[in-house]
Amino acid sequence: MSGVSEEDPEGLGPQGLPALGGACLVTVDKKLNVLTEKVDRLLHFQEDVTEKLQCVCQGMDHLEQGLHRLEASQELGLAGPGSTSPAAAQAAWPEVLELVRAVRQEGAQHGARLEALFKMVVAVDRAITLVGSTIQNSKVDDFILQGTVPWRKGSLADGPEENKEQAEVAGVKPKHVLNTGSVQAATSRALWEESQKQDTPVGTVEGLPLIIDTSLKGADLTQAGASLRQGVEALDPGQEPPPTEAESRLPALASEDTGTTLELSVAIDRISEVLTSLRMSQSAGEGTSSSKPDCSEPGPQPLGPLTTDSDIHSDEGLPRISVRMREMTTPEELFETQGGSPIGSAEAPGPGTVLEDQIPKGARPFPPLPKRSCNNGGASAEEATGPGAEPIRGPSLVTRDWRDEPVGTTDLQQGRDPGAVSPEPGKDHAAQGPGRTEAGRRVSSAAEAAIVVLDDSAAPPAPFEHRVVSIKDTLISTSYTVSQHEVLGGGRFGQVHRCTERSTGLALAAKIIKVKNIKDREDVKNEINIMNQLSHVNLIQLYDAFESKNSFTLIMEYVDGGELFDRITDEKYHLTELDVVLFTRQICEGVHYLHQHYILHLDLKPENILCVSQTGHQIKIIDFGLARRYKPREKLKVNFGTPEFLAPEVVNYEFVSFPTDMWSVGVITYMLLSGLSPFLGETDAETMNFIVNCSWDFDADTFKGLSEEAKDFVSRLLVKEKSCRMSATQCLKHEWLNHLIAKASGSNVRLRSQLLLQKYMAQRKWKKHFHVVTAVNRLRKFPTCP
């Protein structure tokens, strides 16, 4: 024994080597722990330095503002009356005198110009007065006031002769028919006066027969017309109203619509004859009827310039007359209604039938009419009937282009035949109009479908500034209104409801977390501490926090786009590879910010990625309940619900680090590109086995047509060895996530992943329901308490 001790004085025998190795391991472990503590101290020191630098920056800002204020006050002091010497002030007096003289000269020049302008205005006023007094009693004024089209072919003296012939043929008129000249003159004057008060006259005078409500008696209308005529005659010739916008456009329209006005005059005469024959036949065959107006009096009754059955509204004693007219060809096509009751024959209107009425109060409105574009000037006129129809805004005189409406057709038809054509081939513009419009819409929709605009801008920041939130013990109801019935989401923690801040009305989200023990409370506090350090547009922001006996409530930023996979599985959403690039890039930017602050998310999955809007490509990462600060050699057991997004080191309970999150990013990217889960098996055990062995491949059908850059991106993330995976910084520099403009110019590939994603989500929902049913069946087997 002594010999052995002499040869081996240090005691390094076969049994001494393990002891020495154990001591070395203990020493290395102690050094690593010391190193970890130093790293933590450095991190805390870095945070303190950052806070102090922010305070210094704020102090510098305040100092700069104070310096600016001081300079401004000094400048004001130097500019004061006592700042300059008397000698300098005396030297500046001549300049001031020169400036005053120049101002006086300019004032005199402006006065002379104003005087000349005043003289010009007086001369123009006199000229207008002369023109008004000249035209006041002319035939042009009579035609304008009587509502007759002044630019029709023929002599201007034809109008009064036609009126005389109509008056001779009129015979016995009903009580409600008024004198043409007085009522129409008063109506035109009333319409002009209303147009001066407001720009929205109810009626439009189109040079067509006026339609007046039968509920008003003839004596009342005659009295109103007489009062209006007295008001018009009382006007001074110098106060003659200027011509309206439509009247000023009459000469221009006269040269364009000469052909159409001939058709209009023929249609008016034809309508007069039709009404005369119809009323004579009604009075001879049917006699008087209680359900019809009094039209059984003997004698022919032409249409005349005035017909009834329209609404007259009074505004400050001035009647408003709404004018409407439709063309008709034969007596069989006439269908006149009053308050919803037919006059004459009660046949249902068909193609070519005309409804000539103005819907009174309480009557059933007609469907809105299609827009018709006028050829003169490109203006468009839209007619609508019913209580909800708005009055036509514009001048009191509106001309209508009758070339767009063929004879025998009308817009107010029930049961209109879409295949009906105009009897005259030269006037089928209205029949071709809808077809052209539909063709134009198809072309525009095809052009819009060919041009797809993708929004690659950054996600919008939170509607509030980043803040360090401290937990409050007060009731949440004192500051926020939580909508318990409006659930935004849920999970292992609890539910997320929509809420509103009482003081500002800001829309927020309230995450209610149930806690049962001290460990749960510590986890929630850890989540709050981590979110206090996050300030990035792709990460959800914390606004407030409340603690109660059995729960925590985190008030966070609200986004209404829904989960990422809920949106891309929508049938109306078409996913392309460029869309996946935009989504993946923003996910990598958020993860890169987390890793820069030594934070691991450890629960990246599609359910924890929200879209900011329903149409854009902006996303935000949520749920930091499992997030941890990075510490070397830490074993972390994750309580997860869906295993196919976990990294092999998490399944094996090994050390986790930054590449753990990048594995989840690779799985999410694979699913976005293909619609398949790379490791999903029939059971959870099979799924974990695939993850541990890293057994996956690119499906030949789903990845057909995708770029090699996309496959390379996924291949460099789904690697079993942690050190071989790309980091978030390397992902952002990858070729696939860059050069978006070039990719957008040549991106015409549409993915087939949408249907596969729908099938995948349906399968997951089915599995969840199956587990719920299984759990319920197991609970039923437990014996019940007596």
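Just so it is clear, glycine is given a Cβ too, placed from its N, Cα and C backbone atoms.
Here the candidates are SER155, SER345, SER380, SER396, and Swiss-Prot annotates SER155 as phosphoserine. SER422 is the residue among SER85, SER422 that Swiss-Prot labels phosphoserine.
Annotation note: ASP603 (active site, proton acceptor) sits in a coil segment as assigned by DSSP. Looking at the domain 'Protein kinase' (482-737) alone, the prediction's average pLDDT is 90. In the three-state DSSP reading, GLY490 (ATP binding site) counts as strand. DSSP assigns VAL496 (ATP binding site) to a strand in the three-state reduction. In this structure, of the binding-site residues LEU488, VAL496, the smallest number of CB atoms within 10 A of the CB marks LEU488. The residues near the ATP site, meaning same-chain residues not in LEU488, GLY489, GLY490, GLY491, ARG492, PHE493, GLY494, GLN495, VAL496, LYS511 whose C-beta sits within 8 angstroms of the mean position of the site's C-beta atoms, are ILE512, ILE513, in sequence order. Here the binding residues for ATP are LEU488, GLY489, GLY490, GLY491, ARG492, PHE493, GLY494, GLN495, VAL496, LYS511. Their largest Cα to Cα distance works out to 14 Å. Listed in sequence order, LYS511, ILE512, ILE513, LYS514, SER551 are the same-chain residues at least 6 apart in sequence whose CB falls under 8 Å from the CB of GLY494 (ATP binding site).
Taking CA atoms as the reference points, GLY490 (ATP binding site) and ASP603 (active site, proton acceptor) are 15 Å apart. Using Cα positions, the member of the binding-site residues LEU488, ARG492, VAL496 nearest to ASP603 (active site, proton acceptor) is identified as ARG492.
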